[in-house]
Structure formats: structure tokens, C-alpha cells
Amino acid sequence: MPQILSTKEANLFRQVIRDYEEKRYRAGLKAAEQILKRNPKHGDTMSMKALIMNAQGKTEEAFNLAKEALKVDFKSHICWHVYGILYRTNKNFEEAIKAYKFALKLEPESQQIQRDLAILQVQTRDYEGYVQSRFAMLKARPQLRQNWTALAIAYHLEGNLQEAERILTTYEKSVSAAPARTDFENSEALLYKNSIIAEQGETERALEHLEQECKKCLDRLAVMELRARYLAELGRKEEAATAYRALIDRNPDHPDYYKRLVEVLGLTAEDEAAQKAIFDEYSTKYPRSDAARRLPLDFLTGNEFRSAAKAYLALMFNKGVPSTFANLKHLYFDSYKKDTLPSLAEEYLQELKDSNTQASSDSSKGEGAALFFLAQHYNYYMSRDLSKALEYVEKAIELDPKSVDFQMTKARIFKHQGDIAKAAKAMDQARLLDTKDRYINTKAAKYQLRNNENEKALNTLGLFTRAETVGGPLGDLIDMQAMWFLTEDGEAWQRRGNVALALKRYHTVFNIFDIWQEDQFDFHSFSLRKGQIRAYMDMIRWEDKLREHPFYFRAALDAVNLYLSMYDKPEGANRANGTKGDNANGEDAAEKKKAAKKAKKEAQKAEREAAERAAKQNPNKAQKDKEEDVKKKDDDPNGVKLAETKDPLGDAMKFLEPLLQFSPKNIEGQIAGFEVYIRRKKYVLAAKCLKAAQALDQDYPKVQEQSATMRKMIGDVIESLPPKVQEVLKAELA
């Protein structure tokens, strides 16, 4: 029999809930203890106490208390709701959904439980369940527009576009008063409905809806772009051309608008004169538009290209634009253009020399820009001549010794020469020219990491990190999710033989992607509340392909290859301290141990100092952070436990599965997959990876090597395998 609270204690219980919601955990815990002192078997209070304990990082104790609360009051929807929240915070979504559904059976009218269940269903992509939950929420509160919109989204995600459109139309018909022109939610809902119509392939109807219903929508640019696109798809070329011209007038530097205009006018690659006339018109109309001058270089050929390129280069050099080469390097796939551009830059320099004008800031600026262009040209992989590149960049530096861009390119040339130490030093000199520039600071740190100077790179980046962050510069970089740094740092530690720290960095990158996935939780309700539906749908689709990101692929591939080397040479590294086992005895090992100990002490000192500074600035914040840090504390900051794994291939699978699922067209991923599966004796999966790699590039050297390995290994073991496996493998080998 559940205990019933007095009025005073019921008020105190509501205070516990408020304290939890506002993250006042100590106060909430104190209030919960007061209630339990008089009512030790009050299940709801026990559950709330468990929730607070979980927020403080005491997960195991929280679960034990929540289970005890359920034993005390099995039919309490609060106890089951809390139980679901505990599972959700610990990423066991399946059990969380079960608990929410049980809580909903006990309290069918609870909007909070229904909302939490719906959010978890869309988070786990259970669209069928999400439709049911949203339908129930709409029935309970049909007066809220966001409930109608949410149900339409649920049907859309499920793939039922017609039903999604019908729901939005039904709501529109139910509204008697016309919405205000400034109603952002209505504007977004109309454009969202338009996108659903277009997605069904009904372009004519989508255009009609856009012109009738969306003409007063607040996002005017979206309306204009959609209208132009629909007209082009319907073959109404004259109207589409007018629409794209209106877009160019709005933004004359948007290259896509020009390309679409050329398409709808029906101009082919051979119609160079007609295409150029369009761009000349807009370069005259908008003299400051770069796109109108640069884009003709993509299609012009012969003398027409030469004269247009000469005019463009002269304009850019006279202005001293450092990004001129970056704007034009895509043209290098055409051998004529690749040869013409540097010759025009040489001509420009010769004309400056022949003009015999007195040295002025303008001519000096133009000369420096031309020399910089040529240095980049000879440094580029498609036209590389590093001795010439160095010669031109030195001339440019003579003209302007304080140019950060010139010094950076010099460092890049050294990198391409293979002298990483010299490149890192040169990039650091470039950094000293502008110590307030965060970009050059980052580049200097990156080059230091490539030179395996991890500690120096961290100090360099520390110039721009927050001093009060717990954990010093590294802690701040992890908080900022600086994945480029974590990956480069991990690779540097791996080259230095520090397996533990390398693995720690790769796992940190993996966890950041997990965080991005979890961050959806807040937006499932926020986007509906704010009416930002189209952005929300884009986010859902982006999250579905999250681990396609190049940052994930690189870190995952590094981690898999490291685990493979750990499996192949289990004694090749002293995993406890991350140093190579060859020097386990002797002075070298002793020095490394001493250095590791010193580094640990310095890190602890930096952490203490940061905490003290934070406490001086805001004592209340420091106390709050102290409470929250219990939950955030890392029990393996140096990756020692990761390096001591007994199952490196099993750990590699954590990285490999998303890598193969989301980047199947990358041959390096398929090669890594084969190496892991063949060692795990998963021959069918290994054959699948090999077949995918062969489809991508049959002549790739590693693919041929793996084919030979596969045949040899299968030949040795095929008779001992199950008949179905034998059949599949024989078919693959054939």
C-alpha cells in the first residue's frame, strides 16, 4: 500500500521536482531526505531521489533505489517514468521505451510521459510508434498547432507523404481567423507543406500552392528559389529565366544562380559567346561581383579564355587578393588553362617591370600577389615544382616580410619537400607575425603535431583557450569538440608509440559523434515549439548520415589500424604507459617514465590553478561545477585502460561497423574491414569486404594482396566450415 503524504510534505515533494529540473541537486536531495525520514516507503520520493543521484553520477546506486521504489509502489506512474528516464540517460533506449509505455498504461492522460515516449521513439527512428504517440497527443490537445505539425512530421518520416499533407490541410481548414502576416510558425508550416507536395513529384501543384498560399511567407528567398526551380522543372523556361535573374539581382555573387540561368536559357557548352554575353551584362551591372567575372573562365576556351583570364588576374593582383589561386585551381584539370594561367602571371610581372614606374604601394601589392600566385601554382600537386615555388615565395617575402600568407605558403612548401621539422618551424614563425590570429595559431599547432611535438602544439593552442577550463587547454579543446586536433594528436602519439593516448584521442572523437546524436533530444521538442520545421527535417536527415563525416572516417580508420597492430604484436607495446616495449629496460624507459610522471604532475597543477581561478571569479559557479564534475569525471584520462584491452579486434568493431555502414564507397574502409574479419575468422564478412573493394578498384595493390590471402586461408579451412558457409565462399572465390 503506497504511503500518502501530508499537505506540507506534498508541497515539499513538488519542491524536490523543481530542484531537480533547475539542477539544484543538493537542495533536492535534502528535501527528499526530509520526506523519507517520516515516510521511508514513499515510492515517488524514492524515485526522485534516485533521479537526483543519477544526475550526480551515482548511477548504480540510483538504479538500485529506483528498483526498490518500484517494489514499494509498483503501480506508480512516477516510479515507472523515472525508471524510464534512468534508462534513457544511460542510453538503454529499448528498456526506457518499455518503462514509458508501462507508465502510460497507469496514467494515460499524462502529457509529459507521452511526450518523453514520443521523443525517444523519433530518436530511435521508431516512426511507426512515433505516429501512434503523436496521434494520441493530438487527440488529447487538438487546439495546439504544434501537435498537428508533429503528426504530419511523423507521417512524413514514416514515408506517408499524402497523409502528412492531409493532416496539415485539415488544420488549415479548422482555423477560422486568418493568421497574422508576421506569424512565423504559419509561414514555416506553409513552406513545409509545399516541400511535401514537391516531394510527391507533383511539381505543378507545388508551384500552384507556392504562388497562392506562400506568397506572403516570411522567408522570401526560399519562395523565390523554389519558384525558379519549379518553373525550370516544368519547362517554363522564359519565366524560369526571369525568376533566376531576380535571384541574381538579389545576390550577384551566388554562382548557382548563373549556372541555372544558363541552363534554362538552353545554352550549350558550344555557345560560348551567348554565355559570355550574360556574364558580361552582370559584370557591368554589378562591378563588384566576383562570380560574374570568374565563372566565364570555366567554359571559355582558346584566346577568349586567355583574354578573360588576363583581365581577371590583373584585377585580382592589383587588389592584392591572396585567394586568387584558390579561386582558379579547379581549372587545372584542363591542361591548356593550367599552362596559360602561370604564363599570364609572368606576363603581369614583366609588364610591371617594363613600365619602369616608381615603386609604389599599389605596384608592390600587385607584384607580391602575382609572385604569391606563382608560388602556389608550383606548390600545387598538379603543377608541382618545389624549387621554383620556394624561389617565388622568397621573392614575395622580400617584398612584404610581414605577410602571414607568404610565410604560411613557405611552410607548406617545406612540408611537401618532406621536411616536417622545418615546415613546423616556418609555420611557427608565420604565427609570430600575427599572434592575435586564431587561424594561423591553429595551423602552427597542426604542423607541430605533424612533427610529433604534442606538448608544444598544446601550449600553442593554449594561447587561445579559456584559462578557467578544468583540465587546461586539452580540457577546453575537448569541450569545444576540436576533432581536427584530437585526430592529429592521436596520430602523433601513435607515431611516437604511445598506444594509450592515441586510443584515448580516437575514442574521444567517437564519443563526440555520440554526443551529436544525443543532442537531437532537445530539438525534437524545441523545433516544434519554435515552428522551425524545415530546419528540423534537414537535421534529422543529416543525423541519419552523421558518421559519413570525414572526421569520423579518419579517426575510426586510425583506431581500427591501431587495434590491428595491437592484435598482431601483443607484446610490441607496453600498454600500461603507452611506450614501445623495445625499451622496456634501460635509461630510455626510465627517462620516459620520469617525463610521464612530470607531465602528470603539471596537468594536475594546471587543473588546480584553473579551478582556483574559476572559484575567485564566481564562487557559486565553482560550487555548482564541483557538483556536476562528479558526473563528468574521467576515470581513464590517459587511456591506460583502453590500451590494456584483452580483445583488440572486438574493440575495433565499435569503430568499424559505422565506418562500413556509412562509408561503403571508401576503399580504405573495406580493406580495414577485411583485415579485422579475416583475423576474427568471419570469412563470409571478409569476402564481402573484399568483393566491395574489388568493385571500387580491382587494381589497387592491397586488394590483390588480400585476394591472395583470402584464397590461401580459405583453402586451409574450408572443409571444416558449415556447408552453407562453404557454398557462399566457393561462389565468392569463383
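Glycine residues also receive a Cβ, built from the backbone N, Cα and C atoms like all the rest.
Please treat TrEMBL annotations as automatic predictions, because they have not gone through curation.
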TrEMBL annotation of coiled coil - which of the ranges 88-122, 158-192, 193-227, 438-472 it falls on: 193-227
Positions on the same chain near the coiled coil (193-227), where near means CB under 8 A and six or more residues out: 152, 156, 161-162, 164-165, 168-169, 181-182, 184, 187, 233-234, 243, 246-247, 250, 534, 537
Counts of helix, strand and coil residues, the repeat 'TPR' (370-403), according to DSSP: 24 helix, 0 strand, 10 coil
